[in-house]
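Listed in TrEMBL for this protein:
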type	residues	note
REGION	A:1-22	region 'Disordered'
TRANSMEM	A:52-73	transmembrane segment
TRANSMEM	A:85-104	transmembrane segment
TRANSMEM	A:134-153	transmembrane segment
TRANSMEM	A:159-179	transmembrane segment
TRANSMEM	A:200-221	transmembrane segment
TRANSMEM	A:252-274	transmembrane segment
TRANSMEM	A:286-311	transmembrane segment
TRANSMEM	A:323-347	transmembrane segment
Amino acid sequence: MTEELTDQKQRRHPGRGPVDTLNEMDHAAIDESITSRQEVSGFGSMIRTQPFWVFLAILAIGIVMTFVSDAFMTERNMFNITRNFAFFGIMALGMSAVICTAGIDLSVGSLLGLCAITLGLTMQAGWGIEVGFVVCMLTAAAVGAINGVLIAYLKMAPFVVTLGMLAMARSIAMVISNNKMIYEFGPDMELFEWIGGESMLGVPNVVWVLILMTAGFWWVWRYSTWGRWVIAIGGNAQAAKLSGIPVERMIVSVYMVCSMCTGLAAFMFIGYTGSATNGMGVTYELNVIAASVIGGANLMGGVVYALGAPIGAALVELIRNSLLLAGIPALWQQFFVGLFLILAVLLEQIRSRGRS
Amino acid sequence: MGLLNLNGITKSFGAIHALNGVDLSIDPGEAVGLMGDNGAGKSTLMKIIAGNFKPTSGEIRIEDKSVEFHKPIDARHAGIEIVYQDLALCDNLTAAANVFLGREAKKRIGPFSWLDHGAMYKRAGELFSELKSETRPRDLVRQMSGGQRQAVAIARTRLSDPKLVLMDEPTAAISVRQVAEVLALIKRLKDTGHAVILVSHRMPDVFDVCDRVAVLRRGTKVADKHIKETSPEEVTGLITGAIEAA
Ligand SMILES: Nc1ncnc2c1ncn2[C@@H]1O[C@H](COP(=O)(O)OP(=O)(O)OP(=O)(O)O)[C@@H](O)[C@H]1O
Ligand SMILES: [Mg+2]
């Protein structure tokens, strides 16, 4: 322990003059002890991840619920649970990327409402589904780009920028919708509502989208340069910059990716509900951030799991569903979401204390 | 014609004058020791050469061409690699990932490319064994000792074939055995025609591997001598100011 402290001191205050021989002996000893530590891999490294433990929690709650309620394990209920959490899961995939850079995006709920309105107005005006989709994604990309530029280039705090955007995006949605509901989606209405609301092979379409996107993000985090650079920025932005990574551009792209995940979720969500209002997505940012954090995203940055987002979202939805089936008043819902959020962070703290 | 020529480099941070008109030149295959007290401006000078800071005034010439670095990557493209004093590593990534950060090895099929983890682990492993360091490529930097972190930072400079390697106190936190390896590496670099600037507070290291020693005192170069024409005592005097200049 004392040896380690000496080592730390040497590193924090390098250039304190010649290192004496005694110290060097200590370093040699530390090197030895660390080299003899075994490398962990496979199952060993899997059980060290947060998503694994949250997955166990999901199984445990699931098992308890089969005894509490006969309605729980039915196909219908499973279908509903997966469909409901898929919307949050898609948004949480993008949020995890933002959180990995030690940022936060509070504007996703409002953006969902704004995308709902721009998409709805476009299709209501008689445009096809392709145009509607493009408009929806462009809305999202523009909001993400504004967030990203303010954060990356003007060095503003993500919390403040996206809080401002939360207010502005909602307001713009209200203004351009004239505060009216949209339930007419033009010539492609049927296809639009099928995409968001129906299923293939017994699995809701939105769940298919979530599965594909999770697989995509898994690949990105593991095999793409973009993913590697985002994780590096979360670990040490200064070092990333010195290595020639275009940190500012990367951060802008991360906020755009997050927003576009929300844009995609909006596209599916409006098709599912069959109507668009400017109030859509109010307080969703809480559930999305909770899902990401429960799934293992660390607000200090540098940690991300593709599987964490859907698993975290699943736990949040499972809590909601279980309370409902167990006959506990819905008023308790947010209490338990908050409780699990705090427990997840606590678990992460305990695990990282165990590591160091 | 030198490899690198600095002419009248000055750097101010607001009211602080970190460097006042420093000249320095270095030839291929030469190692220069840069010494000076804490805050003398050694790291600042290194960072200017590496493209982190733009000098307030003065000129950098590489192989007799005037250059201007806007970003560290510009210096890297000009054949300059640096080991930063604070090492600049990402704790949450593996040793190999840190070695390759910003220039990852990739596999390609047509328009698709993806990270070639196997190649990166292998190459990083080779670099570590070249440095005789017991650093495992797959380990996270977070759980590494000071010496292993140093090895990672040094291994990074070996990825390309730079003309000039800048080392800002590469031996400040490592074991005797590893100090010897770093010094051996510097000698190898010299033998293969690379130039090295070594910032160090350790007199024996500088006198062991360097051909010349330059001394900075409060931002001014007060000496630049061949190692054979000076002594540790004189250099100490120059650093502390007991000897005005030489
Ligand atoms: N980014 C900066 N902003 C403001 N002042 C700085 C900055 N970097 C260095 N300085 C100042 O410039 C002077 C020279 O610092 P520098 O880090 O170059 O010293 P050094 O010779 O490397 O010292 P050490 O041996 O402690 O590493 C110091 O007074 C320092 O406070
Ligand atoms: Mg320094």
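Cβ atoms are placed via backbone N, Cα and C, with glycine included.
Curation does not apply to TrEMBL; its annotations are automatic.
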Looking at the transmembrane segment (A:134-153) and the transmembrane segment (A:252-274), are there 3+ C-beta pairs under 8 A, with each pair at least 6 apart in sequence? yes
Can you tell me which parts of the same chain pack against the transmembrane segment (A:323-347), counting only residues 6+ beyond its ends and a CB-CB cutoff under 8 A? 50, 53-54, 65, 68-69, 71-72, 77, 286-287, 290, 293-294, 296, 312, 315-316
What stretch, picked from A:52-73, A:159-179, A:252-274, A:286-311, has the most CB pairs under 8 A with the transmembrane segment (A:85-104)? A:286-311
Using Cβ distances below 8 Å and needing 3 or more such pairs, separated by at least 6 in sequence, tell me whether the transmembrane segment (A:252-274) contacts the transmembrane segment (A:200-221). yes
